[in-house]
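As structure tokens, the structure follows; a few thoughts come after it.
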């Protein structure tokens, strides 16, 4: 078998040659020596050598594997393509119920009875939650249990019991806990099993599991940051198609309705103003402002003059297919068609670098500041002594704005330790993946691309990265409220008209979507899980 054989991961499975499937198994003398402890952040995480990790990678983490001749990338159709030295087949379409397959495939081959006893006790510890960690290997060997059945059958028995109790979720959590306690032997076994249970075109949990598993593998390989950068949302090759992010907004109304509620708050605050300056701290493709320009065009007494300052990291040009001038041209064209006086000011700068002079403030204009799905990217006091998250709020307060809008994910992935963060990520994104299922078929190419380019990168970043490299740092609204109040703001409840409009529009979607208003904050969610919180603020000194 060639060591650089290319294997293509499609929406269903990996195309493996038949002769390879018949012979793959783990090497009989698996050693733990490739794993070395220690990490840059001072933790005791265990870092496996590149050859071991290459067995698992499907997302593009090759940039962090400089000593490897193997690579992983995406094919033109958006499917991951791996070119690696695998030692077992990675069947991403294997169903959790399909336990009749040969247990040899993807198994852990044990070379002596003591190793078997150790593994059995490790599995029992994971299943029963016993953290004692005291393994009496002599008692295990003396029991004679290892001689009663084959090594492989015993391993499979315990693995099946774990699957029966918790299925994919339990195995993922057990694998995360094994990684946290540096149990690389068990991690190997669990990753091998999980590979057979996840699928990028399967049920919601199978799809989410595929990306959470990539996060765990990337955590071991310290490649999460590379994957995050490689999977930036970008425009499809065909110009007539919508961007992946736009598709996500259409099929998943949380983000779309979050923007709508922010627009409603701005329109309400500016109803008497003749000169409006909107400062958008992450304008992306500018789609949020299309509906607001249309709404202000029909305002009684005529539209105001609108000036938009669009701030965005220069690297986001990759997502737009060009610089911020593309956004300005698009908005200017719409404003002209609506006969709205319009001006666009581009500020291609990272949010951590924004200063007052970048905002182009002019006297006599009413200012609205928009923080939509942006502030959670800013490092706070837990990451950086400069605390840009609170610094930007104080900067906004210094502008004396008429209104400040906030749209953020309702989850805690900022300061939570690894395991609670892993569980929070699973619960949060499982709701999103379930809701996507009602909008696009599982085999739909656009759905796979949307999940891969717009959601997978966030999942991998949350699970795999720490410190400055962990960019997706969501906070619950209670924490945002504390930050805004400390910066000198007071809540500005959304108008009943805005809430009623969004509730009416939501009726065109699945009835499992929820909309709840609590204390002037709008929570958009799926069933009993809030996904997005949207709210507005005004300066405390105002009447």
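Every residue, even glycine, has its Cβ placed from backbone N, Cα and C.
Annotation comment: TrEMBL describes 29-88 as region 'Disordered'.
Summarising the annotation, TrEMBL assigns compositional bias 'Low complexity' to 61-75.
Broken down by DSSP into helix, strand and coil, the region 'VHIID' (245-310) contains 34 helix, 12 strand, 20 coil. If you look up TrEMBL, you'll see 245-310 marked as region 'VHIID'.
Per TrEMBL, the feature motif 'VHIID' maps to 276-280. Below 8 angstroms of C-beta separation, residues 266, 270, 286, 288-289, 292, 296, 304-311, 359, 361-362, 365-370, 372, 396, 399, 401 of the same chain, each at least six residues beyond the ends of the motif 'VHIID' (276-280), sit close to that stretch.
Residues 281-286, 289-290, 293-294, 296-297, 303-314, 317, 320, 374, 377-379, 386, 388, 392, 395, 398 of the same chain, all 6+ positions outside the region 'Leucine repeat II (LRII)' (326-358), place their C-beta atoms under 8 angstroms from a C-beta of that stretch. The region 'Leucine repeat II (LRII)' annotation in TrEMBL covers 326-358.
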Composition by DSSP (helix, strand, coil) of residues within the region 'Leucine repeat II (LRII)' (326-358): 18 helix, 7 strand, 8 coil
